[in-house]
Structures are given as structure tokens and as C-alpha cells.
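If you check Swiss-Prot, you get these features:
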type	residues	note
ACT_SITE	Glu105	active site, proton acceptor
BINDING	Thr28, Gly29, Ser30, Thr31, Asp83, Gly84, Ala85, Asp86, Lys96, Gly97, Gly98, Gly99, Lys123	substrate binding site
Amino acid sequence: MDKEELKRRAAARALEEVRGGMKLGLGTGSTAKHFVELLGERVRLGLEIIGVPTSEVTRADAERCGIRLTSLDEIDRLDITIDGADEVDHHLDLIKGGGGALLREKIVAAASDRMIVIADESKLVDTLGRFPLPIEVIPFGLGATRRALQNAFTAAGCDGELKLRPGKDGHAFVTDGGHWILDAQLGRIPDAPRLAQLLSVIPGVVEHGLFVGMASTVVLAGADGIRTIERA
């Protein structure tokens with residue numbers, strides 16, 4: 001069974017949590033796209049929900065699928081956000097942002113009563129860090145921000161290289177918010193909460209891809225079926 005089928009099965013399991021009248025956060029990335037497509041099928045059959053997209057890509061996908069959309073300017077809270085992850089550990093802490101939407105993803109997740117993460121089983125790791133950690137930054141003063149980031153890595157017991165994410169045109173990748181992304185290739189993050197705290201206070205850092213204590217449920221699809229992990 002290929003990974004796309006596993007992602008779709010995880011998305012289908014998360015869809016079972018959706019009820020009519022819910023307000024949903026719609027994640028970004030290949031796994032979240034499967035959820036949006038399956039949700040669209042339910043909407044066409046009469047399910048009434050409203051969604052808040054976490055990126056312009058997801059907005060376009062949701063509109064194509066006939067999903068009614070709104071924004072966090074119009075509603076206060078969401079019932080559930082369903083999103084993917086680049087890595088998830090056994091504490092249900094995550095690395096997200098491989099698709100470049102980490103800022104909006106975190107805003108939407110924080111405004112939700114529950115966050116359900118959907119993924120194939122390869123995303124479950126003992127320690128975060130194998131997947132490069134995305135850090136969204138302001139272009140101004142990039143050199144100073146880089147130096148501050150390296151100091152934060154050292155303080156958190158990490159070591160690694162920072163690379164500016166390229167876009168398709170060969171220039172720097174630009175997020176929906178107009179920022180750049182530095183990908184930190186750390187290999188291993190021994191204390192994700194500590195690193196998250198250190199990154200959050202650096203001037204020039206808009207947001208980082210460590211989602212600590214945010215996921216309520218993780219749905220993992222593997223060759224042996226679906227595994228659901230709930231936050232203790």
C-alpha cells in the first residue's frame with residue numbers, strides 16, 4: 001500500500017469526527033488535501049460545515065470542493081482543526097511547516113478546541129529533528145536572526161545547519177504572509193519545549209514549526225490498519 005493511500009485512510013478516519021454544524025480548521029499539505037477532498041464529498045451529500053483554511057493553496061482546494069469558508073475575523077473558535085505533520089513524537093509534539101504554512105496553521109490550531117493530526121505511520125518518531133525544522137523569519141536583518149538562532153540551538157542542546165528555503169523561481173520561498181523560511185537541519189531535538197521557548201523570543205522570528213502541546217489526537221495509518229493516539 002503506497003503512502004498516498006495511507007494518508008487518505010488517515011484522513012477518512014478523522015472525517016468520522018466531523019458532525020453537521022461544526023466549524024473546522026483545514027490544514028495544508030498532501031495529507032490535509034486528502035481530508036479536504038473527502039470532506040468535499042460529504043458536503044456534496046448534504047453535510048453542513050464551515051471551514052477556515054490555513055493557506056491560499058488550501059483555500060483554492062476547499063473552494064474547488066464546494067466547502068463553505070470563513071475566517072477567524074468572523075468566528076471566535078473552531079471545533080476541530082485537522083492537519084498533517086512532518087514528524088510527531090510519542091508526546092504528540094510535532095514538526096510542521098514543510099509546506100510553508102506554519103504560521104497560519106499554528107494560528108488556526110490555537111483557535112481550535114481540538115487538533116487532530118493525520119499522517120502515515122512513517123511520521124511517528126522517538127525524537128523530533130530528523131525532518132528539518134522550519135522557522136519563518138522576516139527578511140530584514142537575516143544575518144542577526146541566523147546568529148541568534150544558532151545560539152538558541154546551542155542552549156537547547158542542538159547543533160545543525162540553517163538553509164534558506166528556495167522557491168520554484170530560484171529565489172527565496174515566500175510564505176503567504178510575505179516572510180522567508182529557514183530550515184534547521186538539526187538531526188535530533190532533545191528538548192522540544194525548551195527549544196520552542198527559546199525560538200519564540202528571538203526578534204526576527206515570526207513563528208517556528210514546533211507544535212508543542214497542541215495536538216489532541218494523532219491518527220496514523222499503516223499497513224496493519226489505523227492507530228489512534230490520544231493526548232494523556
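Cβ coordinates come from backbone N, Cα and C, glycine included.
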Euclidean distance between Cα atoms of the residue listed as 'active site, proton acceptor' and Ala85 (substrate binding site), Å: 11
Other same-chain residues whose Cβ falls within 8 Å of the Cβ centroid of Thr28, Gly29, Ser30, Thr31, Asp83, Gly84, Ala85, Asp86, Lys96, Gly97, Gly98, Gly99, Lys123, the recorded substrate site, in sequence order: Gly27, Ala32, Ala119
Cα distance (Å, whole number) from Glu105 (active site, proton acceptor) to Thr28 (substrate binding site): 8
Count of other CB atoms lying within 10 Å of the CB belonging to the residue listed as 'active site, proton acceptor': 32
Among Thr28, Ser30, the most crowded of the binding-site residues [Cβ within 10 Å]: Thr28
Span of Thr28, Gly29, Ser30, Thr31, Asp83, Gly84, Ala85, Asp86, Lys96, Gly97, Gly98, Gly99, Lys123 around substrate - largest C-alpha separation, Å: 16
Mapped DSSP class for Ala85 (substrate binding site), helix or strand or coil: coil
Where Gly98 (substrate binding site) sits in the secondary structure, as DSSP reduces it to three classes: coil
Separation of alpha carbons, the residue listed as 'active site, proton acceptor' and Gly98 (substrate binding site) (Å): 11
Tertiary neighbours of Asp83 (substrate binding site) (same chain, Cβ under 8 Å, six or more apart): Gly25, Leu26, Gly27, Thr28, Gly29, Ala32, Thr54, Lys96, Glu105, Ala109, Met115, Ile116, Val117, Ile118
